[in-house]
Amino acid sequence: NGLVLVKNPHLDLMEEDVLYHLDLGTKTHNLPAMFGDIKFVCVGGSPNRMRAFAQFMQRELGLAAAGEDVADICAGSDRYAMYRAGPVLSISHGMGIPSISIMLHELIKLLHHAKCRDVTIIRIGTSGGLGIEAGSVVITDTAVDSSFQPRFEQVVLGDVVVRGTELDKDLAEELLACSRDIPDFPTLIGHTMCTYDFYEGQGRLDGALCSFSSEKKLEYLRRAYEAGVRNIEMESTAFAALCGLCGLKGESCRFHLL
């Protein structure tokens, strides 16, 4: 029926669900009134970028008066920033799997409590490209881990839980078709590799630690490219797993800077 799912029977036993890191709650806020008509959610790492994106959407949708700004719905928290432009919600998620995971748990519960239907969620931002032209946009078909496997592994109460990481293929093709109207940004579909670290985990030679040679780095990146990886970042496996399990139509689009 298009509703956003939660898979936690304990929520039904709670008198109030406090979305602590978003500064929202089921008793303190009327979530259906505030968010019930949301159809699109765009998430990205930086609060400033997501504010700028919300302002852009206001202009595109004809919702902004001259000089009008967007308000941070999560202003009472210093963890994330959330802005709204009509049916579009724009939220920051920070850097790395732990940060995006916390935000997604609370965002998914928010959409569920608000009784939102047929929601599409798109992660936007930057990444490191692999074997592609600078300035390209990579639309993720499948998120893979550092071993190039389509999985998200998480330790839960001492047990390793493995979840799938495929994203919505139809949405990926739809976004690729839209990109043809914007010739300035070469766009392609490919695998996105998710790592737990910005430096050694992504083969960078300029961190405080480096335990490998430049030759070993290049060999690893060659194998990644042959496995279908076209960009590298630090959130995609968690994003894909949570969206898939909770019935969210999700996709990731990353701009390759260098």
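Each Cβ is built from the backbone N, Cα and C atoms, and glycine gets one as well.
In TrEMBL this protein carries:
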{"type": "DOMAIN", "residues": "39-249", "note": "domain 'Nucleoside phosphorylase'"}
{"type": "BINDING", "residues": "Arg79, Arg123, Ile124, Gly125, Thr126", "note": "phosphate binding site"}
{"type": "BINDING", "residues": "Gln202, Arg204", "note": "substrate binding site"}
Thr126, Gln202 as binding-site residues, winner by CB count within 10 A: Gln202
Nonlocal residues around Arg204 (substrate binding site), in sequence order (Cβ under 8 Å, 6 or more apart): Phe198, Cys210
For Ile124 (phosphate binding site), the number of other Cβ atoms found within 10 Å of its own Cβ: 18
Neighbouring C-beta atoms (10 Å sphere around the C-beta of Gly125 (phosphate binding site)): 21
Gln202 (substrate binding site) and Arg123 (phosphate binding site), distance between Cα atoms, whole Å: 20
Binding-site residues listed as Arg79, Arg123, least Cβ neighbours within 10 Å: Arg79
Distance, Gln202 (substrate binding site) to Gly125 (phosphate binding site) (CA atoms, angstrom): 17
Inter-residue Cα distance where the pair is Thr126 (phosphate binding site) and Gln202 (substrate binding site), in Å: 14
